[in-house]
Amino acid sequence: MPTVIGFEGSANKLGIGIIRDGVVLSNPRHTYITPPGQGFMPRDTAKHHQEHAIDILRRALDEAQIRPQDIDCICYTKGPGMGAPLVAVAVVARTVAQLWKKPIIGVNHCIGHIEMGRLITGANNPTVLYVSGGNTQVIAYLQKRYRIFGETIDIAVGNCLDRFARVLKLSNDPSPGYNIEQMAKKGKKLIELPYTVKGMDVSFSGILSYIECMAHKLLSSEECTPEDLCFSLQETVFAMLVETTERAMAHCGSNEVLIVGGVGCNKRLQEMMDVMAKERGAKLYATDERFCIDNGAMIAQAGWEMFQTGSVTPLEQTTCTQRFRTDEVEVTWRD
């Protein structure tokens, strides 16, 4: 039963998790939170990760009640993600691997989400909707690859929500998307917004540009409230995601759908997806914020699967890449 530690830091969350044979032993994380109306810059985010890495590592070991010599493999996020934060965490992982004299594995961030979702929910072979601040993909497994059947052609859905939260000067604590979700619950009026679906692909830049331009006018004229705008944005973008996911399920003949990624925590998205799934006689699988949001355990779990099949990354190849597509990885651990 190998024990694997995973280091995640592709965006504003630093997480270190430990997995042993499918059991999460520890999974602490720390989030870099900026003032309302601001995003997070790569350099500042990397500095945050550097400052908190030792503390989070110590917490992970203490909570798991294990020692460095009990670890069999070190795993880190190779990509995709923001360059500076990725590198900052990779340096920590490489250093730990050399100090502890352990093998190291570079893990695809998206595959970490998928494998964690499968582990926690028990989903067997689902169509996967991966939605976060940096990614929006509809995925299914086929012939040793996680195939991308549909994706955003511009910005990610989480990026769309986060940027609109800045327009409204919403707090980034715990996350802008969460605060939009809470405001949307109070919205009563649905504002018509651009709806762009192209086959199984989606586009969010147009809807964001439109609502950014119209927000001041609509709010100053009291045609609607900020809550109405949050409600309208959520309903529109989530309807787009449900439509494309259903199309992929029909194409693959799937009776399971799994939502992963930070936006997957959204209860309204889960609710809308569940309605669609039940109408198709399918089942929805979703996780809570412990595992939907970026965390170290998901990197450990994907790395554990890879380690079991003999995958190890030579130290000189433990680089990072901001662009690392899901379908680039050969999935050796699945039939």
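Count begins at 1; order follows the chain as displayed.
Cβ coordinates come from backbone N, Cα and C, glycine included.
Substrate binds Y130, V131, S132, G133, G134, G177, E181, N266 as Swiss-Prot records it, and from the list D162, D274 the residue named for this site is D162. Matching D288, D294, D327 to the divalent metal cation binding residues that Swiss-Prot gives (H109, H113, Y130) identifies D294. Taking each Cβ in turn and tallying the other Cβ atoms within 10 Å, the top scorer among the binding-site residues H109, H113 is H113.
Spatially, by CA atoms, the binding-site residues S132, G134, G177, N266 include one closest to D294 (divalent metal cation binding site), and that is S132. Using a 10 Å radius centred on the Cβ of D294 (divalent metal cation binding site) and all shown protein chains, the other Cβ atoms total 27. In sequence order, S10, C110, G112, I114, S132, N135, V260, G261, G262, M298 are the same-chain residues whose CB sits within 8 A of the CB centroid of H109, H113, Y130, D294, the residues recorded for divalent metal cation being left out. The record assigns Y130, V131, S132, G133, G134, D162, G177, E181, N266 to the substrate site; their largest pairwise CA distance measures 18 Å. Put simply, of the binding-site residues S132, G134, G177, N266, the one whose Cα is nearest the Cα of H113 (divalent metal cation binding site) is S132. N266 (substrate binding site): 25 other CB atoms within 10 A of its CB, across all protein chains.
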